[in-house]
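Q: TrEMBL lists these features:
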- 66-413: domain 'Amidohydrolase-related' (DOMAIN)
- HIS75, HIS77, HIS224, ASP312: Zn(2+) binding site (BINDING)
- GLU104, HIS197, GLU227, ASP312: substrate binding site (BINDING)
Amino acid sequence: MNALRVTGGRVLRPDGRVTESDVTIDRDAGTIAAVGDETVSGERADDADADLPSTADETLDADGGLVIPGLVNAHTHVAMTLLRGYADDKPLDPWLREDIWPAEAELTPNDIEAGAELGVLEMIRSGTTAFADMYFAMDRVADVVDRAGVRARLGHGVVTVGKDDADARADVEESLAVAKELDGAADGRIRTAFMPHSLTTVGEAFLREGVAEAREADIPIHLHANETTDEVDPIVDERGERPIAYAEELGALGADDFFAHGVHLDGSEIDRLADAGTAVVHCPASNMKLASGMAPVQRLRDAGVTVALGTDGAASNNDLDVFDEMRDAAMLGKLAADDASAVPAAAVVEMATAGGADALGLPGGRIEPGAAADLAVVDLDAPHLTPVHDPVSHLAYAARGSDVRHTVCDGEVLMRDREVLTLDADAVRERAAAAANDLVDRVGE
Ligand SMILES: N[C@@H](CCSC[C@H]1O[C@@H](n2cnc3c(=O)[nH]cnc32)[C@H](O)[C@@H]1O)C(=O)O
Ligand SMILES: [Zn+2]
């Protein structure tokens, strides 16, 4: 075995326990071979036939640190890093129409690659190893995912409002084609989805056609759902049914599907999501910044819905740090439930790890023998993390992305001692800043 060993740290296990264990990774397989003396076959490592090397080919020092599953950012538009701080302090609809969509109309594939590099760099530096991305020029995003070494579920976002029939149909076809072409790329680290932007920005006929074809080809569906009341009311007025009932009727409520936001959901919609096994990606920072509302996270979890966390794009957050999302989700979840015991620390950590992996249908999210070797080591010796009464509490409430020391995905070290090995951080930053400045100049002309 070509072994990578993460030594001397405390490990967050899937059941929430924290143990002092070394983690042994099979680099060729990209999986965890052992946690402490627990191996894939259930044998103890000190048994003669437990096939673990006594020395590792590479080690990562986790002394004084907490080894956690790589975090999952289950909804973003990664290249929107170029629009970070470009338009703030507006509600969703005017923000998109007056600021974001006009700027996006000027984006070139080269810009999207530059923005995606910047976003993926930021994610690796904050311990995120997997993300879901809805955007365009997705071949460029896929290339970045491949080079950077992370995992992703990617899709081309479809908008048909304001387009003629031919353009709208072409957008749907492109999303389906991208989902078919990119699936399995980057040695299987890339999976795909059909991604209509939302149930109000894509017309009914296009939704019906696209969803049917996606189902036929076994492609999951990802869209923005029930984000604002402006998105719910027109569906109720025109159709006499709630958006999630409409999604179900379209055939878009499947066990592999995952919807972003789910802010304005009623009890019947929560039940439908739970029955269908469709996951919800909660984006608390975006929901607060655009004043979209408070998602019923505790109620969703009580109903058995898989809940993941997403940053949404950097223009509505304004960073891609999933640690911030954990803290925001816990805080906002309590306010929404009017109950300080709602959405506790362990729940948001689960949402950012196993919940995210399950929502996206990607490996990872759990540190256990046989699981994908996607993990991060968080330093616990900073002043703001002292003392350590409860490491899970720190993950949710006190730690930041900048506390991450190492990041590993698919058995490969992506960041060692805060140095990202797969991307040239200075070059990425310079390229993205230049692309963003040029973009804003073009939009202003
Ligand atoms: N092919 C489409 C692009 C859709 S990509 C997904 C879109 O979602 C937008 N977006 C970002 N954040 C949000 C959000 O919170 N709600 C809804 N849309 C968002 C983002 O700016 C991007 O335009 C077109 O022709 O316009
Ligand atoms: Zn979004």
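Glycine is treated like the rest: Cβ placed from N, Cα and C.
Please treat TrEMBL annotations as automatic predictions, because they have not gone through curation.
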Q: Give the three-state DSSP assignment (helix, strand or coil) for GLU104 (substrate binding site).
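A: Helix, per DSSP.
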Q: Which ones in the same chain are close to HIS75 (Zn(2+) binding site), with CB under 8 Å and 6+ residues apart in sequence?
A: ALA132, MET134, HIS222, PHE258, ALA260, HIS261, VAL281, CYS283, ALA308, GLY310, THR311, ASP312
Q: For Zn(2+), what surrounds HIS75, HIS77, HIS224, ASP312 with a Cβ no more than 8 Å from their Cβ centroid?
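A: Here the non-site neighbours turn out to be THR76, MET134, ALA260, HIS261, VAL281, CYS283, SER286, GLY310, GLY313.
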Q: Out of HIS77, HIS197, HIS224, which of these binding-site residues shows the lowest number of other CB atoms within 10 Å of its CB?
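A: Relative to the other binding-site residues in HIS77, HIS197, HIS224, HIS197 has the fewest Cβ atoms within 10 Å.
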Q: Sorry to bug you, but what's the C-alpha spacing from HIS197 (substrate binding site) to HIS224 (Zn(2+) binding site), rounded to the closest Å?
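A: Cα of HIS224 (Zn(2+) binding site) to Cα of HIS197 (substrate binding site) measures 6 Å after rounding.
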Q: Can you tell me whether DSSP puts HIS224 (Zn(2+) binding site) in helix, strand or coil?
A: strand
Q: Roughly how many angstrom lie between the C-alpha atoms of HIS77 (Zn(2+) binding site) and GLU227 (substrate binding site)?
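A: Just about 16 Å between their Cα atoms.
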Q: Near the Cβ of GLU104 (substrate binding site), how many other Cβ atoms are there if near means within 10 Å?
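A: Within a 10 Å radius of the Cβ of GLU104 (substrate binding site) lie 22 other Cβ atoms.
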Q: Among the binding-site residues GLU104, HIS197, GLU227, ASP312, which have a Cβ atom lying under 6 Å from any atom of ligand 2?
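A: Checked binding-site residues vs ligand 2; flagged ASP312.
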Q: Report, as a single number, how many Cβ atoms besides its own are within 10 Å of the Cβ of ASP312 (Zn(2+) binding site).
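A: ASP312 (Zn(2+) binding site) is surrounded by 27 other Cβ atoms within 10 Å.
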